[in-house]
């Protein structure tokens, strides 16, 4: 017989913990229930919003939650200053949406950024089921591409297996379908991103309400369900998420020494993942260079063959011409 009471208590406890952490208190995991609490048991879905600053992550989070939970303004600058998590439900299932501060900018990692990244890990531990890469329709820029690279650096290169591209400003499609837009885009960086994400994408009009809002959320959740089935219910994890869980079980506050060690671990793991990303990119470049070289060798061989055939034909014609005059 299923213990629905424990499941409900676990969900409420997690909700309380999330609200405590949102207020900036790291000492939010009490020994009561936390050692036995399992996110998997409660069926809680963890959704992490990623993307460059000002891309509309907070507004997208509000659309998913169907309420103004995150501060959002109509401007191209980030409003979110620290990680924030909010609970919602869809068709009877609880989910957690984590909004992120500007940690995906191409800048030098400092102590404040270590803290922002560490808190983000704390929010979505033991790992997100899905990462939503938020970008504006028709505005995928170099900054967006750099933000994607930072996502890989912060969460590891394997994170793309759990990513869905979410385009904002769906209303700008007009009579064109999203499939047509993505298929015929001339933006090579966007094309590469969509392929890397397994062609998982959808679009939101964050001004929508009522049935339109419900419809686009249903489309997103259908994508999420397929992604979960593909991974058999697993979520993205790495060494830092494992270490984060160990830290959480201690129930330490941000003013205690273990929290400083935790931030040191955050920096070390992000640096390690950065090196792994660079190695992967180097390997990819080497393979591309090899392919180009192979293509060049093939073209050279064909060119030489054509030259030889041409010279042979020319010599034959000359001999025939000389033979006629003898």
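From the backbone N, Cα and C atoms, a Cβ is placed for every residue, glycine too.
The record from Swiss-Prot ties 51, 52, 53, 54, 55, 56, 57, 58, 59, 169, 170, 171, 206 to GTP, and of the options 72, 177 it ties 72 to that site too. The Cβ neighbour count for residue 169 (GTP binding site), using a 10 Å radius over every protein chain in view, is 17. The binding-site residues considered are 55, 59; of these, 59 has the fewest other C-beta atoms within 10 angstroms of its C-beta. DSSP assigns residue 171 (GTP binding site) to a helix. Residues listed for GTP, 51, 52, 53, 54, 55, 56, 57, 58, 59, 72, 169, 170, 171, 206, cover a largest CA to CA span of 21 Å.
For the binding-site residues 51, 53, 57, 171, the greatest number of Cβ atoms within 10 Å around a candidate Cβ is found at 57.
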